[in-house]
Amino acid sequence: MPVETVTTRPEDHRIAWLAALAIAIHVLEAAIPSPVPGLKPGLANLVTLLALLAFGWRTAVWVSLLRVLVGSLILGSFLTPTFMLSLAGALASLLALGLGRALGRHWLGPLGLSLLAALGHISGQFLLAYALFIPHPGLWHLFPPLLTAALIFGILNGIIANLALQGVDRIGTPREGTASRT
């Protein structure tokens, strides 16, 4: 029986490394106790934002979806409500990032995109939680404080992304499709 060879491209290796980093951060964040249930800084999402800004949409989608899938398998939460909320947040965040890139390519830098992603993430999670798990209007009383926290973490992640991209610029690594960083 002949052995088939699988060819990989540099992009495949890049996606694997970025996804591994995002998964590691995701697992570490899960281990950190939070004073408020569900409140996390979203540092794993920072890897998705950097992937989008440095390497484009396709890489960002792969990194985000691999993070959710593999992270849930490692943490033992695959197909649980936690997994579904994480996936809903990731998909809504990717949608927000995609729209932000398409509509605001020259206006939105890392900070603006990070805020859009944070808004999309928390909104996606709340919409799914309301639709599937807690269809009670009282759920929406939690939205303003958690949205505020998400936006604060979005600002911090945007600042970190901007600093990381400036570091990449200094070492001369080329990036495709960079937005102006404001």
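A Cβ is built for glycine as well, from the same backbone N, Cα and C atoms used for every other residue.
Per TrEMBL, transmembrane segment is recorded for 15-32, 44-66, 78-99, 111-134, 146-165.
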Checking distant contacts: for the transmembrane segment (111-134), what same-chain residues at least six beyond its ends satisfy Cβ-Cβ under 8 A?
38, 42, 45-46, 48-49, 52-53, 81, 84-86, 88-97, 99-101, 104, 140, 142-143, 146-147, 150-151, 153-155, 157-159, 161-162, 179, 181-182
Distal contacts, the transmembrane segment (15-32) - CB-CB under 8 A, six or more residues away:
40-48, 50-51, 55, 59, 62-64, 66-68, 70-71, 74-75
